[in-house]
Amino acid sequence: MKKHPFEAWGQLVASKKSRWITLVFWVLLVVVLSFTMPQINSIDNKNADNLPESSASLQAAKVIDENFPDNSGIPLLLVWHRDGGLKSTDYAEIQKLYQSLESEPVKEQSLVPPLSKVPPQQLQATASENGSTIVTPVFFNENATTDALSKGVDEIEKVVADLNVKTTGNYEDAKNLSLRYSGPVGISLDATGLFKNADFKLMGATVLLVLVLLILIYRSPLLAIIPLVAVGMAYGVISPLLGFMAEHGWIDKDAQAVSIMTVLLFGAGTDYCLFLISKYREILLKVENQFDAMKQAMKESGGAIMMSALTVVLGLATLALANYGAFERFAVPFSFGVLLMGFTALIVLPALLVIFGRVAFYPFVPRTEKLAQEYAEKKNKPAKRHEPKHKYGKKIGHFVTSKPWTVILATIIVLGGLASFTPKIQYTFDLLSSFPEDTSSREGFTLIEENFSAGELAPMKVVVDTKGEGLNLQKQLTDLKEIESVKEPQQSKENKNLQLYEVSLKENPYSPEALQAVPKIKKEVQSLVEKETGEKAKVWVGGETASQYDEMKTIERDESVIMPAMIALIALLLFVYLRSITATFYLVATVVLSYGAALGAGWIVLHYIMGVDAIQGSIPLYAFVFLVALGEDYNIFMISEIWKNRKEGKPHKLAIQEGVIHTGSVITSAGLILAGTFAVLGTLPIQVLVQFGIVTALGILMDTFIVRPLLVPALTTVLGKYAYWPGKLFKKG
């Protein structure tokens, strides 16, 4: 008789002879890759553009660079502040720094304004109206690496250390002259530093949390460690392979992606391990030989594990369809990592489990009746088999099959009620708002915002093609309701027809109102130019506000493409696996409803409890991709058990009850671990990761305790045989 493919696979990797070969092979693979390839965390972060080249703000930046060249470089903004107003001695300290920078440039310094030679009165004139704050720039080479910029700023700090300047502590308490490093260079260095520190903290916290949860779940020291060893060995292969890809330019290393990938791999990887361990333990109660038990466990759970991993892999791979760079850079590391993690759960874990045998479950060792009796006689104690009681699983299984409509209505009301909060969510596309409030670059921008007009934070740049007409639109632009002030136009030396207007908005340039003003201003300027020239106007709008507007529109485009694509792809996989259109539909519908509820619940926690004004605009798509893929994971594992029970000839309701009973505890355990690992992101100082972690953890908990044990079994119950339509089980009746 031909063996089941996964039974044969179990024989290949976890037989009495092959178990050690499998383990030694994987250990050698980890060692070789670690010595021959760089770890992904050792690769410099790739500060690639998030916007596609066709975006209007990048096109405007290109026009500005070509026609209004500024070879000064990338600015580091030094934000000087003293409560109550800067003193003459403070300006003297500033001039000392610039005198030093002029005579001894720091690493990668390209330019500094000659502030040491400027009369003190002229320098004071550039301070804020209340006299408490002044901003001075230092420019660095545009092609400088993050490490080089960091060294340059360190050298500035050494000079500042000899001055009477305070560079630490909350700016609100700065009774003395204080300094903050902000602007593009400051923001870049702070972002790199936050993620660099986050990686180590995240890995340690994730491993510790998973270990504690596994000990609580299994109450077995060995069984708590074995899944972590398997996941760690998978990471030992994944990290150098991704590092190799990044080193050769096949992928762009993204620090944020690596941080989230760490959580995903430990959470999802442990889940896959739990699915196999649960089935192996169940079969050890019936089968004496540990190797035969593993082959049977692989036969019964291998397909569900591989299908679950494949669902996540293909779901995450849809991020490759994104135009937004941060999304697109997630696709390969995530998909590749989960794929290898799934393989590890079916290669390394079986070998480890049969190496330890039943001892892995000590002190609650699963034994057959015969083995339990023999052990009891040997120890002269009563026989104990440590069979799982499934006390709560039996109650839930009976409840959902006896009162399915009550369950359906109650769960839909709860999930729908939470989802109703999603239209109230406010979004921001400002990276700086994701930083901790005491970060130097954020404090610097806060000082600028509080002491200068809002629009001066990041002026909008409007380029107009005058068609040879002698236009000056300064007054007309100033009269527009969205605009606070406009500087004198600059004439391009390369193209005499082009004029550049630097515009300060009335609103904070990072606010939603400012973003919505971008297309309005562009349209109004086009109208003004067409009125003056009588021809179709060419207008380019650049700057931070225009860039964030494009970011918002690009993310909206990606959501409209990736969300349907992912749903279609997962639906196709489910249909191929289950052969049921009906089940495919309601399994997808339940995780989409759960996603909406998670987003609403996340907003309740973040806004109404934690006081967050707006969440990062990238959160909805990130959360969707993870929650739909991972939520379908649990659905597949449980529905596979129901389908298996029906194939064995069990009645419809009994098949559902036993499906809930036999998968309930393992999926609950897996859900707690996965939610816990994502919740670890909430301990980090980076708001985008905190927000993503909270929303995703809440979604996983809802999948674990509402959708999987209640809603899905209840829907399967009321549909009866039509739950299997049009597959063989439907025809079976």
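Just so you know, glycine gets a Cβ as well, placed from its N, Cα and C.
According to TrEMBL, the protein carries these features:
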- 260-355: domain 'SSD' (DOMAIN)
- 20-37: transmembrane segment (TRANSMEM)
- 200-218: transmembrane segment (TRANSMEM)
- 225-245: transmembrane segment (TRANSMEM)
- 257-277: transmembrane segment (TRANSMEM)
- 304-324: transmembrane segment (TRANSMEM)
- 336-361: transmembrane segment (TRANSMEM)
- 404-422: transmembrane segment (TRANSMEM)
- 561-578: transmembrane segment (TRANSMEM)
- 585-609: transmembrane segment (TRANSMEM)
- 621-639: transmembrane segment (TRANSMEM)
- 660-682: transmembrane segment (TRANSMEM)
- 688-711: transmembrane segment (TRANSMEM)
Under 8 Å, at least 3 Cβ pairs, sequence separation 6 or more: does that hold for the transmembrane segment (200-218) versus the transmembrane segment (257-277)?
yes
Using a Cβ cut-off under 8 Å, which residues of the same chain at least 6 positions beyond either end of the transmembrane segment (660-682) come close to it?
202, 205-206, 209-210, 213-214, 217, 259-260, 263-264, 266-268, 270-271, 274-275, 277-278, 282, 388, 390, 392-394, 396-397, 400, 630, 634, 637-638, 641, 689-690, 692-694, 696-698, 700-701, 703-705, 708-709, 713
Cβ-Cβ under 8 Å with the transmembrane segment (304-324): same-chain residues at least 6 beyond its ends
6, 50-52, 268, 272, 275-276, 330-332, 334-335, 338-339, 341-342, 345-346, 551, 554-555, 557-558, 561-562, 565-566, 569-570, 573-574, 577, 618, 625-626, 628-630, 632-633, 636-637, 640
With pairs closer than 6 in sequence left out, are the transmembrane segment (336-361) and the transmembrane segment (585-609) joined by 3 or more CB pairs under 8 Å?
no
Can at least 3 Cβ pairs under 8 A be found between the transmembrane segment (688-711) and the transmembrane segment (20-37), with each pair 6 or more apart in sequence?
no
For the domain 'SSD' (260-355), DSSP counts of helix, strand and coil?
88 helix, 0 strand, 8 coil
Summarise the model's confidence over the domain 'SSD' (260-355) as a mean pLDDT value.
89
Near the transmembrane segment (404-422), which same-chain residues lie under 8 Å Cβ to Cβ, leaving out any that are not at least 6 residues past its ends?
593-594, 596-601, 603-604, 702, 706-707, 710-711, 713-715, 717-718
